[in-house]
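Trainee: Have a look at this one.
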Amino acid sequence: MALAASLKEADITAALAACQAADSFKHKEFFVKVGLTAKSPDDIKKAFAVIDQDKSGFIEEDELKLFLQNFSASARALTDAETKAFLKAGDVDGDGMIGMDEFATMVKG
């Protein structure tokens, strides 16, 4: 996956292992474990571009559901509850999507 190029494989594996069980995904913990919080703003923009699969400039709910698969093709999809909580945490302006600035704030927060 494209995100593996800027992140350590061991960090990705550990972060995915920590949220293998349904309803165990916590975005703040995941960003720290996978190493994204320590990355530069440019690297965070690159990660956003990978997650924004339809290149709309926003991460929508359907893209969030498949969030973990951006790190490993074999990763599970997020549950509906995890997806909704993730979207609620990042969608500061209430438009139902996460923009680049909102994503960067989530990662660094």
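A Cβ is built for glycine as well, from the same backbone N, Cα and C atoms used for every other residue.
Curation plays no part in TrEMBL annotations; they are all automatic predictions.
According to TrEMBL, the record shows the following:
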{"type": "DOMAIN", "residues": "39-74", "note": "domain 'EF-hand'"}
{"type": "BINDING", "residues": "ASP52, ASP54, SER56, PHE58, GLU63", "note": "Ca(2+) 1 binding site"}
{"type": "DOMAIN", "residues": "78-109", "note": "domain 'EF-hand'"}
{"type": "BINDING", "residues": "ASP91, ASP93, ASP95, GLU102", "note": "Ca(2+) 2 binding site"}
Trainee: Taking Cα atoms as reference points, which of the binding-site residues ASP52, ASP54, PHE58, GLU63 is nearest to GLU102 (Ca(2+) 2 binding site)?
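Mentor: Nearest candidate: PHE58.
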Trainee: In whole Å, how far does the CA atom of GLU63 (Ca(2+) 1 binding site) lie from that of ASP91 (Ca(2+) 2 binding site)?
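Mentor: Answer for this pair: 14 Å between alpha carbons.
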Trainee: Rounded to the nearest angstrom, how far is the Cα of PHE58 (Ca(2+) 1 binding site) from the Cα of ASP95 (Ca(2+) 2 binding site)?
Mentor: 10
Trainee: I'd like to confirm something. Which of the binding-site residues, ASP52, SER56, PHE58, has a Cα closest to the Cα of ASP93 (Ca(2+) 2 binding site)?
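Mentor: It is PHE58, whose Cα lies nearest.
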Trainee: Would you list the other residues of this chain near Ca(2+) 2 - those whose C-beta lies within 8 angstroms of the C-beta centroid of ASP91, ASP93, ASP95, GLU102 - in sequence order?
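Mentor: Result: GLY90, VAL92, GLY94, GLY96, MET97, ILE98, GLY99.
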Trainee: Would you mind reading off the Cα separation of PHE58 (Ca(2+) 1 binding site) from ASP91 (Ca(2+) 2 binding site), to the nearest angstrom?
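Mentor: A Cα-Cα distance of 10 Å.
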Trainee: Based on DSSP, tally up the residues of the domain 'EF-hand' (78-109) by helix, strand and coil.
Mentor: 20 helix, 2 strand, 10 coil
Trainee: Give me the count of other Cβ atoms within 10 A of the Cβ belonging to ASP95 (Ca(2+) 2 binding site).
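Mentor: 10, counting other Cβ atoms within 10 Å of ASP95 (Ca(2+) 2 binding site).
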Trainee: For SER56 (Ca(2+) 1 binding site), what residues in its own chain, 6 or more apart in sequence, show a Cβ-Cβ distance under 8 Å?
Mentor: MET97
Trainee: Same chain only, sequence gap of 6 or more: which residues have a CB within under 8 Å of the CB of ASP54 (Ca(2+) 1 binding site)?
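Mentor: Same-chain residues close to ASP54 (Ca(2+) 1 binding site) (Cβ under 8 Å, separated by 6 or more) are GLU60, GLU63.
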